[in-house]
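These notes are about the structure you will find just below.
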């Protein structure tokens, strides 16, 4: 072994097994049903519901059609999550889409997913949520004017560094923070819902008169509206990234999905109704931050509660994104698609700290170079391309390998609907409003070919990498892990 011999059996945060004289390191199974629901709901409820409603309304043109988009997005997220729940009970390994694509389609497409996700998608998504957190966190210190970008970016970077420390120290600490912040953001959304119901009871229903007037019918506009709505639902698949850390995954995974996603969908619809009760469609479209405008109109001097709620919500969401995103990097490295050091776990705290540190570093680079508004549509384009590939893999298993043991089965019509929706979401914006940036994204995905064949297929690894890995192991106090056989 390249690690120094360490006795970790007596450590309170260790969970190693000794078999045939060798230490075996595994990530602990510490995510139960409540933490599972919190991971899904806590990641889904981030900045989207506070920022996306105006853009959904902008692309759809009318209040009623925008509410239909929000409901359809929730239904699509539910169908997708139920399909993933069956995959999770067939392939009981962490890694989400990556591990499913690897086991069903093979090494090459799985590498392209890992390469795109680890280098671009996950860090970009985390950076976007942290930038959103920073915008709301620093806004009270700059009343009446926009916050300086350097302050916003430094706050976002501090958020990422804090999340890195929390997630590297202890899985239980990370999940506890998730539970607390999920409860806080649910209370914030309930506050908006109750405020909206009071306004409706007082007769403020002008936004719902002729509610379908000016509805947009273009396929591209509907596709982009779906992108904006689905950004708010992103996270419905997060529990599949940590399957090996679930207690009784065959039970916990489907149950958590069935609780979390309908809960979030109902809240989102009621929150949108509340926004439309407080504001006319014109006011909503002209609002820079819908939730803050709602707070100014409804709460008056207590409007600061909304900024605080959004900051708490986005911090909790970024914690969930970071928790699951680091696992993709860790699992891909364990399968030989990333450097070996990223597949290791801390010998005492049993967290995949090298993978978390790498995800953190990539996110910090994204924060320096990007902005929130430059991410959502292209993030969704890549995500739904790979969601479609994963769902087609489930259909293949259902048709060709029905004998595989599975504790949960989803009706075949549900993954078919998700696959049709994924094809639509990928193709509609390209056909209706082609953008050069989408070509750049496709070129980036397939640029992974340059790395795959020499480094993965033919295993041409420079010798100095072994020395670098050894020194990093000693410095970070990490060791290789074994796969958890559920």
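Placement of Cβ uses the backbone N, Cα and C atoms for every residue, glycine included.
Of the given residue ranges 378-397, 458-477, TrEMBL assigns the label transmembrane segment to 378-397. Range 31-52 is the one annotated as transmembrane segment, of 31-52, 119-140 (source: TrEMBL).
Distant neighbours of the transmembrane segment (409-431): 76, 79-80, 82-83, 85-86, 219-220, 222-224, 226-227, 230, 377, 380-381, 384-385, 387-388, 391-392, 394-395, 398, 438; these residues of the same chain sit at least 6 beyond its ends, with a Cβ under 8 Å from one of its Cβ atoms. Most Cβ pairs under 8 A with the transmembrane segment (256-278) among the ranges 64-85, 97-118, 378-397 are made by 64-85.
Note on the transmembrane segment (437-456): residues 107-108, 111-112, 115-116, 120, 336-337, 378, 381-382, 429-430 of its chain, located 6 or more positions outside it, place their CB under 8 angstroms from a CB of the stretch.
Here the transmembrane segment (354-372) sits apart from the transmembrane segment (64-85); fewer than 3 CB pairs are under 8 Å, leaving out pairs fewer than 6 apart in sequence.
Below 8 A, the CB atoms of the transmembrane segment (64-85) and the transmembrane segment (378-397) form 3+ pairs separated by six or more positions in the chain.
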